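Chemist: I'd like to ask you about the structure that follows.
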Amino acid sequence: MELSYRLFICLLLWGSTELCYPQPFWLLQGGASRAETSVQPVLVECREATLLVTVSKDLFGTGKLIRAADLTLGPEACEPLVSMDTEDVVRFEVGLHECGSSMQVTDDALVYSTFLLHDPRPVGNLSIVRTNRAEIPIECRYPRQGNVSSQAILPTWLPFRTTVFSEEKLTFSLRLMEENWNAEKRSPTFHLGDAAHLQAEIHTGSHVPLRLFVDHCVATPTPDQNASPYHTIVDFHGCLVDGLTDASSAFKVPRPGPDTLQFTVDVFHFANDSRNMIYITCHLKAIPAEQEPDELNKACSFSKSSNSWFPVEGPADICQCCSKGDCGTPSHSRRQPHVVSQWSRSASRNRRHVTEEADITVGPLIFLDRSADYEVEQWALPADTSVLLLGIGLAVVASLTLTAVILIFTRRWRTASRPVSASE
């Protein structure tokens, strides 16, 4: 692998100008290293998996030699290799990921960054130092693209274009919809007795066609799907068990497409919980569109009229396990969350997660009691009336004040005019 690297060395000396040393170029050819003949204070060799740093003890070029104990490498302060005091260099040899080095991926290179630190300390009982503290940034750059073989490419009977493939991530989403399913619901508020219209989708792009399923869903008073209390809405790999009670919750048949699944849930709130809101977390997954639905991949609703389960698609017997509560090997349970995503926008109330499967949290769904709404409306009129009365009161006070001022000036004028009449 051809390696390219780069070293930026800047030493800021107290009371002096900044010294910058260019990086020497080291090339590994035939297992031998060749460096520039000019003496550099710091030499760096970026190898395939390691970093070799050689530091001259005359680091500042002043003739004052530094001590090896005052040199460390990286945020983790790795110490140099053991050397003889008579040697005029100090060496470090560490792995690229060692000593707290950081890695950055650019469009054309992998960049490993660290630094060499010279932190002089007093010797013995002395309280003085004779060299400066210096921090020298170090970078190793490795190209991300290149020909790793010097041999010519041998042709095959398959065109090269047939060996190229693309892998695209899947994007899952769970949204709260209006009753007509045509638009996303603008407000998260509900009244008890309403139904929440939920739409799960998977966006495949150029991926092969997939069929989406809601594996399980749970409602909690907080975004944490492991919170208590909780209520299970979908369980056993696609059984909408919330419809077993007095609710009419069900999957919508037929589905708009293989990549979309719609279902309704009769809204509720947890008893003795003053928050009057819930969050719904659903585990979404997808299978190839040509694969037949089975007990592990299904969407089943309960019909109270026939007292039986029925699927959105596929054979009817795949829903029989919903009554037994055992539909094969359990997937991610409520106590073992996979990935939780919450709404990031208050208006749209949805978040997308990119993976092969996803746990999506939608919420909060806020419930308004109808009696509470009536009380709010009743209180709205007195509030407006109080504003009106306040305005009338201020007007009366202003008029009374003006009348009092006029009377005071009138009396003063009459009092001032009486002595004049007496003198006449």
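We count from 1, first residue shown onward.
Glycine is no exception: its Cβ is also placed from the backbone N, Cα and C atoms.
Copying in the features that Swiss-Prot gives for the protein in this structure:
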CARBOHYD  ASN125  N-linked glycosylation site
CARBOHYD  ASN147  N-linked glycosylation site
CARBOHYD  THR156  O-linked glycosylation site
CARBOHYD  THR162  O-linked glycosylation site
CARBOHYD  THR163  O-linked glycosylation site
CARBOHYD  ASN272  N-linked glycosylation site
MOD_RES   GLN23  pyrrolidone carboxylic acid
SIGNAL    1-22  signal peptide
TOPO_DOM  409-424  topological domain 'Cytoplasmic'
Chemist: Across the topological domain 'Cytoplasmic' (409-424), what does the mean pLDDT come to, as a whole number?
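Modeler: Averaged over the topological domain 'Cytoplasmic' (409-424), the predicted model reaches a pLDDT of 59.
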Chemist: Give the number of CB atoms, excluding that of ASN272 (N-linked glycosylation site) itself, located within 10 Å of its CB.
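Modeler: Excluding its own Cβ, ASN272 (N-linked glycosylation site) sees 6 Cβ atoms within 10 Å.
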Chemist: State the three-class DSSP label for ASN272 (N-linked glycosylation site), counting H, G and I as helix, E and B as strand, and everything else as coil.
Modeler: coil
